[in-house]
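The block underneath contains the structure these notes are about, expressed in structure tokens.
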Amino acid sequence: MGNCIINNGFTSFMLVVWMAINIFLFVWYYFFYDLGDQFFYTRHLLGSALAWARAPAAVLNFNCMLILLPVCRNLLSLIRGSFVCCSRTMRKQLDKNLSFHKLVAYTIALMTGELIQCKHSLNLFHSHMFLLVPQDPQQIPTYFVFTTIAGLTGIIITLSLILIITSSMEVIRRSYFEVFWYTHHLFIIFFAGLVFHGAGRIVRRQTKTDPPHNFTLCKDRIDDWGKIPECPIPQFEGGFPQTWMWVIGPMVLYICERVLRFIRYLQIVKYRKIVMRPSKVLELQMVKSGFKMEVGQYVFLNCPAISQLEWHPFTMTSAPEEDFFSVHIRSAGDWTNKLIDIMQKLPEGAQGPKMGVDGPFGTASEDVFDYEVSMLVGAGIGVTPFASILKSIWYKFKNSNPKLRTRKIYFYWLCRETHAFEWFADLLQVLEREMEERGMVDFLTYKLYLTGWDQSHVDHVKVRFDEDTDVVTGLKQKTHYGRPVWDKEFEQVRKENPTSVVGTFLCGPEALGKVLEKKCAKYSDVDPRKTKFYFNKENF
């Protein structure tokens, strides 16, 4: 329980605060419109529909204010940097930005659905906007929806939101990323419609008259309106538009993000080296003036030769100590396939196409050196942030860096294909030699797991089983077949580090993340003097 609080306590606290604000806004605005004297006659026409429409609108405004903040990555990196002196628990919450972004999006969809249900009643209110005035053809709900600012923007907002939500489904995002990418930019139309939606001022309130209209006395004496001093004809006005006041700040911040991305796009990026690795993995080594990075960070890449608008995130595999930055790109979609095809057709030594680079941006892996002991778990191409970490460790040993706090690293890499190990094996071989020369063979414990193989590979392994080096990687550490038994691994780490704080870092699928998070909680000791596991996961 204590470890769960450490790993998720601050997140849970923030969610409780967010939920409390949503509930407060809903309840407060509900009673404001349900009990307010200025809406007495409006309620007489609409009944409870008025309050049920305006309460979700307030929650919608609040969440529309929040929805852009989790994707302002420069802002998050700035905040992460300012929290260096604070606890790692606070910093790691920033890595859950996309989860919060999705949660806010679901809330917006829910509140929009509630508003749609109340739409008919609000249209009825517009049809009878002025009391006792006969309805004319221009005041019917259908005419109102398709000819007024509120009606048209309402349709635009709803359609945009439907397209954004449906194209964000996991199956579409994974299989048709371009569909997700382009439809997600309908948020521009969504926010524009949201800002102008209130300009129609369709929700009207009673204004003060001289003498004042006493609705308690006059509500049942309509024939006396305008005839006696106590019952002057009531006057109404539309409410002042408020949505723009909620969203203007985040919109300005997001525009600044985009301007900064455009400035970075214009900066010259030169290719230092272009290498085609096994398993159709492309390595790009690039140089950019003034570019500085930390371990485990990622960048967004844009190749205008493929698409002017698409930006894709890639974790950097280079170390901060190197004079270039590199990424490894696996063939995993139309954009990556096109980029690999372009690079393969280049003449030897030629510069590649123009590449826009935005970043770097911080991730959970930045905190790896804050732990005495670290467990690094990568699945497939998810090994890339740990390549940066292991390279940086090599440089720190080479330069005898006294600031290195980490004294033990456990590295696990799960792959389906044997060829996937090849591009990373060279780095591990260098680290093996470095550890042996310095008498620190226990500093790095690594285990490579092959999760897919055929019979020919099995036969090949049997023939060369007695060799000193591994058949697949050429390393002294033999490759394991199948998947790790995580209970066994965590038990071993806890036994070897009985009083340490262990940071567990994952770059891989969500399902594996849930398993590791549970193991971190299970194997953390209640006694604060004993082993504790903190879970961290990469999110893009």
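Note: Cβ is positioned from N, Cα and C throughout, glycine not excepted.
Because TrEMBL annotations are produced automatically, they should be read as predictions rather than curated entries.
Per-residue pLDDT, averaged over the domain 'FAD-binding FR-type' (261-367), rounds to 87. Annotation source TrEMBL lists domain 'FAD-binding FR-type' at 261-367.
Proximity of distant same-chain residues to the transmembrane segment (12-31), defined by a Cβ-Cβ separation under 8 Å and at least 6 residues beyond the stretch ends, is recorded for 51-52, 54-59, 62-63, 66, 93, 103, 107. What TrEMBL lists as transmembrane segment is 12-31 (among others).
According to TrEMBL, the transmembrane segment annotation covers 51-72 (among others).
Under the heading transmembrane segment, TrEMBL lists 103-122 (among others).
Annotation source TrEMBL lists transmembrane segment at 142-167 (among others).
Under 8 Å from some Cβ of the transmembrane segment (179-199) lie the Cβ atoms of residues 64, 67, 149-150, 153-154, 156-157, 160-161, 163-164, 167-168, 172-173, 239, 241-244, 247, 251, 309-310, all in the same chain and six or more residues away from its ends. Per TrEMBL, the feature transmembrane segment maps to 179-199 (among others).
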